[in-house]
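Structure in C-alpha cells, see below.
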Amino acid sequence: MTQGRAIVLSGPLRRRALGILAVGGGLGGSAALQERGRPPTPVQEWRGAALGAEAHILLLHPDPAKARLALGAVVAEIERLESEFSLFRADSALSRLNRDGCLPRPSLDMRQLVAEALRLGDLTEGVFDVTVQPLWRLHARYADGPPPAKLAAGLALVGYRHIDLGAAILRFARPGMAITLNGIAQGYITDRVTDMLRDAGLPDVLVDVGELRGTGRGLDGHPWRVGLEHPAVRDRNLEVSLADAAVATSCGRGTPFSADACRHHILDPCTGLCPPADRAASVTAPNATLADGLATALVLLPHQATSLVRRAGAVDAILSEPGLPLQRVG
Amino acid sequence: MQCLRSRKYIVAILIAVAFVLLNGAGRAADDARRAVLPGADRFGASEGVPPATPTFRGEERVGWVFSTREVASGGGYSARPLDVLVGLDLGCRITGAELLEQHEPILVLGISGDTLASFVRQYAGLDVAHRIAIGPAAGGQAVQAISHATISSYALHDIILGAARAVARSRGLPCALGGGGAARLDLDSFEPEGWEELRAAGSIGRLMITAGEAAEALRRAGATNSASATLPPESNYVALYAALATPAQIGANLLGRAEHARLLAEAAPGSSFIFLAGEGAYSFKGTAWVRTGTFERIQLVQAERTIALTATEHRPVARLRAAGAPELRETALFLLPPEAGFDPGRPWRLDLAIAGHRAEAGAALAVFALPYTLPRRHLLPAPPSSEAAETGEEAAVPLWRRAWAAQSGRLAVLALALVALCTVLMLQNPLSRRPPLWRAVRVTGLAFTLVWLGWYAGAQLSIVNLLSFIAALRTGFSWEPFLLDPLGFVLWAFVAVSLLFWGRGIFCGWLCPFGALQELLNLGARRLGMPQLAIPFAVHERLWPVKYIIFLGLLGLALGPTALAFMAAEVEPFKTAIILRFVRSPPFVAYAFALLLAGLFVERFFCRYLCPLGAALALPARLGIFQWLRRHRQCGAPCQLCAVSCPVQAIHPEGRINPNECITCLKCQTLYHDERRCPALRLRQKTQPAGRGGLP
C-alpha cells in the first residue's frame, strides 16, 4: 500500500501558519476500489519548497517514469517563477523592479500576474493592493510599530493605480514605490504547476505550492478533499472538496511582526494597519491566483464577503474570527 | 589514303596518351591517398556528406581519406580555401596529412611551401576525439605553430581538425560520438523533407487556438471584450508553429540550404535559430516590436530560464522553402546567441500571450504554451568532455581576435611609430629648416621601416592585398580574412586615410620596407661615390606609365583565376627581399638583386617605373585635399634646384610637384627653407635690405 493514511499535508506553511489536515478519502476509499477489483493507481509524491513555503504535490498516474519526468519540469518551472516573483532574491525580476522603479522587458508571467493584481485591486475596490510593500518594510523595521510620520509617508506611496503596466516596460509612476506579490504569486505558481501537469497528461493531481489546487480524481476516485485549519475553529476540521478548483487561506498569524501577532503581513492599504491576527478567510475559486488574492482581501473586508465572492467569480468562502460565528458565503 | 591512315594513327596515339595520362593521374591520386593512410590498398569512390573516400585493406575498412576543401569550405585570406588531404582511421586518429594546395596570400608572402607542408604533417598520429592544442604542449597532444606565421597555423589547425571531426561524426565513429554527457545537434545531415513530414515527425511544433478558446481564457482573466469574442468560436484564432532551425535537416528544409548555411556563418558558434510562423486572425508578432524592440506577445521558456525575444535577434524569413507549407500569415527567425543560455537539446516551450481589455483600465492576459522537444534524430551523442571544452573555448573566440591578441605587442609598436610619423609630418616646416635633423629623422625612419616593420614583423603591404580585396568583393565579402593580419590591416587603414592628405607619399616614402631598402642602399652608393644616372625628363615621363600598365594587367588577371594573378604579382620583389629575406630560389633572388642594383644608379628605380602598388596608390592621389609642400614663385622658372635634387624626379621642369610620383620625403622642403642654397631666398635677402635702405 503506497497510499493511505500517510497522506496528510501538514507542517508550518509560512503564510497561513496553519496545516491542511487531511486529504482525500484515505484508506477506506482505496479499499473500496480494490474490492471492485481495480488495482490502485500508484501515487507519486513530491516535496520541496516554493517562495519560502513548503510545497507538496500528489500525483496519480500509472506510469511513475512519466510522472517523475513531469515533476522534473515542474521543479524547473517553480525555480523560474521564483526568479520572477521572489522578494527575497536580490536578482529576481520583482526585486529589480522595486530597486529601479522599472522593469524593462517584463516576462509574460510578470505581466500576467501584475494584470491580475490590478484586476483584484479593482474588484475589491482597492482593498487588495500589491503596493503596500513600503508599509510592510516599515512594520518590519520598527518593533513597536512605525511612527505616525513615517506611516503617513509610506501610505503616500501606496496605490496600485500608480503601476504602469506597459508591455515593453513595467514601471512605477512614483519614486520609492514597491510591490509585493506575496498575496497572489503562490496562487499563480500553483496554477502554473497544475496546468503544466494537466498539459503533460497528468490530470489527477493535488498541488500545494503555497496554495492548494486539485484537479481530476483523488485517491478514492472522487474529487480531492482537503481539510483546513483556522485559529478560531480549533474544534473541528473545515473540509473543502476541490473539483477542479483551488482553495486559499489567509490569516494574519502566518507571519507575525510582533510577539502577540497584533501586527503581521496583511496590511490595510488605506490605514497601513493590520486586521485582527486570528481572523482567517478561505476562498474556493476556479484557480488559485484568484483564491489567493480574494482570501487576502476578505481578511481586510469580511463584511463584503458575499458580494466580493460573487463579483470575482469565486465558488465560496469561509470566514472565521474569535468570538464570531463561522461564516460561509457563496 | 595515306593521309587518312596516318590521321587514324594519330587519333589512336592520342587516345593512348590520354589513357596513360588519366591512368597516371588516378595512380597519382591513389599514391597521395596512400601517403596519408599508410597500409591501405584499395580506395572506394568519394561518397557521403561530408564527402570522404572509404579506404580498405583487403576487404576490411580501415578508414577514410578526404580533402578539407571538400569537407568544409574554410574561409581563407583570398576567399580561396586551403586544401589538405587527410587520412582518418576508425579510432579517430589522423593517419597522415598532406598539404595539397594553398592560395593564401599571407602564406604566399610569408612562408615557404615546405614549412607549411611540414606543419601539416605534424597532425599524423593525433587523436581528434581529444583535445589537440596548438603551441607549447602542456601534457596533452599538441602541434607546434610555424614561427612568424601563427595565424596561418591556426587557420590550418582549424580546417584540419574541423574537417576530421565532421567526417568522424558523420560516419558515426564511436570515438567521435563518445559516451554519455549532454547531447549535441547534428548540424550537417540533410535530406529533403516537406512541411507535413517535418510536422508529423515533431520537428515543427504546433499550437492551435480557436477563437472560442481564446475568448474563454480571456474571460477567465477578467477581460470583458476581446477581438476573439466577435469571431465564430470554432474558427482558427491563431495557429503557431515553432521549430529549432539550427540543424540543417530542419533549418535548410525550411529556409533553403543557402540561407541556412549563411545563418550558420553569420551567427556566433553555439547560437540557436528559432523559427516561428503563424496563421489566423491573431498575430504573434504584433506591431509594437518595431518601436519597442521587444516581441511582447511571446517568450521562450526553457527549464528555469525565461528568454525574451527581441528585435536584435529577429531575422526576417525571405522565403519559406519547405514543400507543402500552409499559407502563413507571418514568419520570423530568432538567432539566439550562446549567451542566451538556450540548450537546443533540451525541451523548451514558447509562451504566446493574447491580450484583452477589461472594463476598468488595464489589460488582461491569457498565456498559451507551445511545448517543443527536438526529435532525437537531430541529435548526436556528445563527444568526450575534453573535446567539447576545446571546441567551446576555441569556437568562442574568432580566429581574427586570437590573431589581434597574439600580436598586441607589435600593434603597440606600430601605433607608436605611426604617431611618430604623423608628428614628423605635422612638424614639416620646423624640421625642414634643420637639414641635419631632417636627415637623421629620415634615415632612422627608413631603417625602422626596413628592419622592424619589414624584416622583423613582415608587414610589407603588397599589391596582393589589393587583389585579394577585389577577389573577396566578387565572392561574398567578409572582413574576417583581412582582420587575420592585424599589422597589415592597421597599415592599410592608415594608408587609406593618409592618401587623402598626402597622397601615395606616406606609404611609398615612409612605410614601404622595400622602398626604404632601395633608398638606404642608394644613400650608401652615393657616399661611396657611385655615379648617378640622370634620366632626361622626357624619357622619365614616358617611363611612368609602365607601372600603371603593370597594375592594370594584374587587375585584369585578378578578375580571372586568382592563382594566376598571384603568380604575376611576383613582379613585386617584396616577398623575396622583405618577407623571405632573400632566402629563396635563385631566379627570384636574382630579380630582386637586379632591381636593387638598378636602384644604386637610379634612385628608387622600382618605385618610379615598375611598382604596381605605387601605381594603385597614385591613382587616387589627385584627390589629395591638401597641398602642404611649399613652393616659391620662382620654383621651376627659372630655378631647377629642387627638380634636380628630388630623389624620384617628381618635380616637373616647370616647378610643379607631381602628386602621383611624390614620396613626401620632404627633401624639396629642406631646400625651400635653405637660405644659402635656395636662389629665391637669396634673391629676397638681397632685395629686401636694399629696398628698406632706399627709403629716405
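Any Cβ shown, glycine's included, is placed from N, Cα and C.
What TrEMBL records for this protein is below:
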- B:626-656: domain '4Fe-4S ferredoxin-type' (DOMAIN)
- B:411-431: transmembrane segment (TRANSMEM)
- B:443-470: transmembrane segment (TRANSMEM)
- B:490-517: transmembrane segment (TRANSMEM)
- B:548-568: transmembrane segment (TRANSMEM)
- B:588-607: transmembrane segment (TRANSMEM)
Can you tell me which parts of the same chain pack against the transmembrane segment (B:411-431), counting only residues 6+ beyond its ends and a CB-CB cutoff under 8 A?
404, 437-438, 441, 445, 448, 452-453, 457, 459, 486-487, 490-491, 494, 502, 506, 510-511, 628, 630, 664, 666, 669, 673
Can you tell me which recorded stretch out of B:443-470, B:490-517, B:588-607 has the most Cβ pairs within less than 8 Å of the transmembrane segment (B:548-568)?
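Maximum Cβ contact count belongs to B:443-470.
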Could you tell me the mean pLDDT over the domain '4Fe-4S ferredoxin-type' (B:626-656), as a whole number?
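For the domain '4Fe-4S ferredoxin-type' (B:626-656), the model's average pLDDT rounds to 84.
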Six or more residues out from either end of the transmembrane segment (B:588-607), which same-chain residues have a Cβ under 8 Å from its Cβ atoms?
508, 512, 514-515, 517-519, 521-522, 525, 530-533, 535, 570, 573, 575-577, 582, 614, 647-648, 663
If you run through the domain '4Fe-4S ferredoxin-type' (B:626-656) with DSSP, how many residues end up as helix, strand and coil?
5 helix, 3 strand, 23 coil
